[in-house]
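Report on the structure given below.
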Amino acid sequence: MGETATLVLLRHGESEWNSLNLFTGWVDVGLTDKGRAEAVRSGELLAEQGLLPDALYTSLLRRAITTAHLALDAADRLWIPVRRSWRLNERHYGALQGLDKAETKARYGEEQFMAWRRSYDTPPPPIERGSTYSQDADPRYADIGGGPLTECLADVVVRFLPYFTDVIVPDLRSGKTVLIVAHGNSLRALVKHLDQMSDDDVVGLNIPTGIPLRYDLDARLRPLVPGGTYLDPEAAAAGAAAVASQGRG
């Protein structure tokens, strides 16, 4: 690589369950019309700012895959290589998957709700195998025994960072502009690593849907601008505030 490498992070556009304020995790829901528009706009922002990706990485969940496709189409980059991995999936929310966030907070209280939702190392109760929103019969996860039954953010760090180091970093070091289209918590895990955030500080990190976040990295893959730079800062601030408020109503 040269003196710097360019990495762009993009959380998927608004999903059907984002709009309903439900815990989603590994449940494979699609995008809303708003989410699709966010995805297209993110690709337009990339093109407008000349930030054209050479390689794309995403998860195995349709809300991220669809966002990636729409963004690449809008940026006229549908032809670049795309790699998908479960290691970029959203955090598994265990038995909370499919539950309304506000109702969950009312039932268990603010402290427990926030510990499950935002803490670094407190996983929700595990999901039961064979239940409606489990993934144990999903062929995508046959090689990993159906996937986890629950996760905290620390678990996402453990599964994602080796993939980032072993698979994505070589593209960055070769000079490619890399776009990662993933999820709120898988991206929080990566930002924690890039910015060397403490376990306590990452609790307050909120990543909005559908707005590209640019990181220019030095030779040690440390950010030249801590926290990166959103391509639409005003929309990003509003979106992050909306994420922070989920479950409060």
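Even glycines carry a Cβ here, placed using N, Cα and C.
Taken from Swiss-Prot, the feature substrate binding site applies to 11-18, 24-25, ARG63, 90-93, LYS101, 117-118, 184-185, supported by sequence analysis. Feature annotation from Swiss-Prot assigns active site, tele-phosphohistidine intermediate to HIS12; the stated evidence is sequence analysis. The annotation active site, proton donor/acceptor is assigned in Swiss-Prot to GLU90 on the grounds of sequence analysis. Look at Swiss-Prot and you will find 119-138 tagged as region 'Disordered'. Residues or ranges marked as site 'Transition state stabilizer' by Swiss-Prot: HIS183.
This view paints the features noted in Swiss-Prot onto the structure.
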{"residue": "ARG11", "record": "substrate binding site", "Cβ within 10 Å": "29"}
{"residue": "HIS12", "record": "active site, tele-phosphohistidine intermediate", "Cβ within 10 Å": "31"}
{"residue": "GLU14", "record": "substrate binding site", "Cβ within 10 Å": "24"}
{"residue": "TRP17", "record": "substrate binding site", "Cβ within 10 Å": "20"}
{"residue": "GLY25", "record": "substrate binding site", "Cβ within 10 Å": "27"}
{"residue": "GLU90", "record": "active site, proton donor/acceptor", "Cβ within 10 Å": "26"}
{"residue": "ARG91", "record": "substrate binding site", "Cβ within 10 Å": "28"}
{"residue": "LYS101", "record": "substrate binding site", "Cβ within 10 Å": "19"}
{"residue": "HIS183", "record": "site 'Transition state stabilizer'", "Cβ within 10 Å": "26"}
{"residue": "GLY184", "record": "substrate binding site", "Cβ within 10 Å": "19"}
LYS101 (substrate binding site) in three-state DSSP notation
helix
Please report the Cα separation of the residue listed as 'active site, proton donor/acceptor' and HIS183 (site 'Transition state stabilizer') in Å, rounded to an integer.
5
